[in-house]
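Chemist: Sending over a structure as structure tokens; questions will come in a sec.
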Amino acid sequence: MMESGVPVCNTCGEQVEFDANGEVFVACRQCHFPICRDCLNYELKEGRKVCLRCGTPYGESSLADEKTEGSGNHSTMASHLNEPQHLGIHARHVSSVSTVDSELNDESGNPIWKNRVESWKDKKNKKKKAATKTEKEPEKVAQVPTEQQMEENLSPEAAEPLSTIIPLPPNKITPYRAVIIIRLIILALFFHYRVTNPVDSAYGLWITSVICEIWFAFSWVLDQFPKWCPINRETYVDRLSARYEREGEPSELAAVDFFVSTVDPLKEPPLITANTILSILAVDYPVEMVSCYVSDDGAAMLTFESLVETADFARKWVPFCKKFSIEPRAPEFYFSQKIDYLKDKIQPSFVKERRAMKRDYEEFKVRVNALVAKAQKTPEEGWTMQDGTPWPGNNPRDHPGMIQVFLGSTGAQDIEGNELPRLVYVSREKRPGYQHHKKAGAENALVRVSAVLTNAPYILNLDCDHYVNNSKAIREAMCFFMDPQVGKDVCYVQFPQRFDGIDRSDRYANRNIVFFDVNMKGLDGIQGPVYVGTGCVFNRQALYGYGPPNLPTLKKPSSSCSWCGCCSCCCPSKKPTKDLTEAYRDAKREELDAAIFNLKEIENYDEHERSMLISQTSFEKTFGLSSVFIESTLMEYGGVPDSVNPSTLIKEAIHVIGCGYEEKTEWGKEIGWIYGSVTEDILTGFKMHCRGWRSIYCMPVRPAFKGSAPINLSDRLHQVLRWALGSVEIFLSRHCPLWYGFAGGRLKWLQRMAYINTIVYPFTSLPLIAYCTLPAICLLTGKFIIPTLSNLASLLFLGLFLSIIVTSVLELRWSGVGIEDLWRNEQFWVIGGVSAHLFAVFQGFLKMLAGIDTNFTVTAKAADDAEFGELYIIKWTTVLIPPTTLLIINMVGVVAGFSDALNKGYEAWGPLFGKVFFAFWVILHLYPFLKGLMGRQNRTPTIVVLWSVLLASVFSLVWVKINPFVSKVDSATIAQSCISIDC
């Protein structure tokens, strides 16, 4: 017990010492907030120069300690320290709402809080020792776990930044921005003309076209302005090695847990999954720092057995890759490369060993294929294991949790006697009556299992068909995470997706080059790229719902742009800042800030209140009933807690993957992968950005990961349908970017605009399908959506077309994207918009509002065994009907238009030009769809043709009968016409 009358430090719990005059040390003369000198010095070194309780700046006597310690905090840090209520915000800011029971124990026997305090004291002591031994700047200390252990001066190379931002040169970005502004002005003038010049003879056509064009302009603004500040980044892997892998010392690189998820091995071939796992196990990274977790959400014995074979083959493959620096390290793709494999190889034994390894791999393929063939027919009694016991996952919807550790420090070694990375098979428990949340639920189960077994501070998730193409990819990501100047507030590092096996012309824009090389670079200049579901390295703390260490303050004047955060192109707000106390209170009421606890903010409370806030029960309401997992969440730098008995870890891991573990917790709501949408990736990244984190886009010269993509028309459309459906679900949920996360100003406006674009783009299908129908209507009726053009109107149309072209050219110039990729992207925007996006809108509303879940069946109709044979597979699906109908009616309209012009004479050819140009715009955009529909030998499902011709014919007949958009002729004119007829 402390002496009576002597206050206790509200930060570390130790007794406040006396000053030179024998009086109790007081840091704040205003409120006498009790804090010891060591804690005060630590706060000053971290840049926090005002009282934690009242916000009064510390006196000169207190600030003198900062100078003696050699503090060198950045001036930019001080700009975030103007609000007293935010001074204590720590990296772990749990954005979830819960209450604390009144009967909680206030004793210090709580193991979680005790371990947290002790680790904090140890960290502080290490910092003080390091400060006396070296004169490094304080902000370079304790940002990453290995940074604490570096007590010697770094070499000049190692002390340099691990990454750098390369802004676009002014001669590229300035004209680009100028053209965007000019295009915006031209659009305003264009709409003024369109609205003030209606077409009275076809008013319905005119008003429909104007509404569609306004929506297209709105969509363009949402897509264009997030690309205002594109940037490039460069990493320095050699500096990373020089700093954290010094010769003669153990590697200090941070550990990484890899997640690979699969469901059905008959749809996701085990051989492809095996190649992904082999590429992970052979990655160029310290083996003790790598663990690979494979989630089998289908509980298939085929997946388990193929993993056994994969672990055995890895004993040969991994040392071969590292000995000869093989790239890529997925054997299927390495041996299929059509390149000179002897290039840069100098070891005489390489050819012999490569030939032997290829033979071993062929034998491995035969064994895996044999398992696949065996699994085609399930025995009536179910599968049995080698020991004769039934396979626990015979019922994939009702089975216990399963975990098997194959490789690692206690597992098999490679053929050269070296340790291999840990490989863990995980199949979470499933029982009837429980929500399992598909991929998002499986990823959350892996988060908990990995936290119990290895607890690496960083997580990389990959789809089972995405292999590691660049063995140094993890080092590329660590150049950001382990850089003290960059990694503080980074929640994840996203790599672009690259694909194998796509046809050379990329007919259906499967590569998504425009999105990954243009849009994502633009977002990287704001608050970071969106999470795209694979090829992403996460900061584990961000997945736990914690906020960043340097949590952005509430709105205030700043030299940084409040829109994009990267440039001074926008003027700072002139609106006076609201009262800080009121603003903070408002922010705390909002769901983002309504936290259970805040591990630095609790320093404002006394001992009793602190124990209440950080009690075991409050943790359990958030993370679930596992003391081992809860304790692991408090370890900032990863690692298994010392207090845990290793023999109980597997049992605890089985517990955290139970189907009822997430009940009444914040999993899927505020922590982990977020539930509520089939595109859980967008939702998860959005929540992190709302908490104040930023993400980083990493594009190494050699693509980090490569995967496979559906290249035939039907599968591609259904992939796009799934993405669009997820966007509609988010739009109709509480997490809609239109209204979610406004408190605190943590999500930048341009970033919010980008997220709004990701959820509203499916609704463009409604005006798009109407706009694509207008040309046929105009040709069939002889009417048009635009009146006779004046000279001024002609200039407006010309200026609009030129601004569109110049914007695209300048975008290609700074991004390096080819014009063919841009055109393919434009074509598929129309194809997907009039098919998959349209169905996604209706399906989303039916699912979210009426609870009706509709599915569209896909049936294969033709195939081809030649190269890219899958490209020519025709599959029947209802999604094909709308674009086919649009093609037919526009081609019929062109024929009708030319026939009408031939009958009326040369004076009809002038008005025909605009209508035919309009129709050809639609046909050219749908041309890849037409090619896919016809197949290599014009093989089209009869049902598609019949339905499309039927709909087009009915539409044309009804149109001729009703003719709704043409001005009605009065009855007197009709009577006069009838009288003039000579019967």
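Cβ coordinates come from backbone N, Cα and C, glycine included.
From a predicted model like this one, the values you see are computed outputs, not experimental measurements.
Straight from TrEMBL, here's the annotation block:
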ACT_SITE  Asp297  active site
ACT_SITE  Asp681  active site
BINDING   Ser261, Lys267, Glu268, Asp297, Lys438  UDP-alpha-D-glucose binding site
BINDING   Lys439, Asp463  Mn(2+) binding site
DOMAIN    7-59  domain 'Cellulose synthase RING-type zinc finger'
REGION    123-148  region 'Disordered'
TRANSMEM  173-191  transmembrane segment
TRANSMEM  203-222  transmembrane segment
TRANSMEM  759-780  transmembrane segment
TRANSMEM  792-810  transmembrane segment
TRANSMEM  830-850  transmembrane segment
TRANSMEM  871-896  transmembrane segment
TRANSMEM  908-930  transmembrane segment
TRANSMEM  942-962  transmembrane segment
Chemist: Using a 10 Å radius around its CB, how many other CB atoms surround Lys439 (Mn(2+) binding site)?
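Modeler: I count 19 other Cβ atoms within 10 Å of it.
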Chemist: For the transmembrane segment (203-222), which stretch among 173-191, 759-780, 792-810, 908-930 has the most Cβ pairs under 8 A?
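Modeler: The stretch with the most contacts is 759-780.
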Chemist: Can you name the recorded positions among Ser261, Lys267, Lys438, Lys439, Asp463, Asp681 whose CA is within 10 A of the CA of Asp297 (active site)?
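Modeler: So the list reads Ser261, Lys438, Lys439.
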Chemist: Within 10 Å of the Cβ of Glu268 (UDP-alpha-D-glucose binding site), how many other Cβ atoms can you find? Include all protein chains, please.
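Modeler: There are 19 such Cβ atoms around Glu268 (UDP-alpha-D-glucose binding site).
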Chemist: Which of the recorded positions Ser261, Lys267, Glu268, Lys438, Asp681 has its Cα closest in space to the Cα of Asp463 (Mn(2+) binding site)?
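Modeler: Looking at Cα distances from Asp463 (Mn(2+) binding site), the smallest one goes to Ser261.
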Chemist: What stretch, picked from 173-191, 759-780, 830-850, 908-930, has the most CB pairs under 8 A with the transmembrane segment (792-810)?
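Modeler: Highest pair count goes to 173-191.
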Chemist: Sort out for me which stretch, of 173-191, 759-780, 830-850, has the most Cβ pairs below 8 angstroms to the transmembrane segment (908-930).
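Modeler: The listed stretch sharing the most Cβ pairs with the transmembrane segment (908-930) is 759-780.
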Chemist: If we skip the immediate neighbours and take only residues 6+ beyond the ends of the transmembrane segment (830-850), which ones have a Cβ under 8 Å from one of its Cβ atoms?
Modeler: 508, 717-718, 720-721, 724-725, 727-729, 731-733, 761-766, 768-769, 772, 856, 878-880, 882-883, 886, 922, 925-926, 928-929
Chemist: What subset of the binding-site residues Ser261, Lys267, Glu268 lies within 10 angstroms of Lys439 (Mn(2+) binding site) at the C-alpha level?
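Modeler: Those close enough are Ser261.
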Chemist: Give me the Cα-Cα distance between Glu268 (UDP-alpha-D-glucose binding site) and Asp681 (active site), rounded to a whole Å.
Modeler: 20
Chemist: Distance check, please: Cα of Lys438 (UDP-alpha-D-glucose binding site) against Cα of Asp681 (active site), rounded to an integer number of angstrom.
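Modeler: Checking the Cα atoms of Lys438 (UDP-alpha-D-glucose binding site) and Asp681 (active site) gives a distance of 13 Å.
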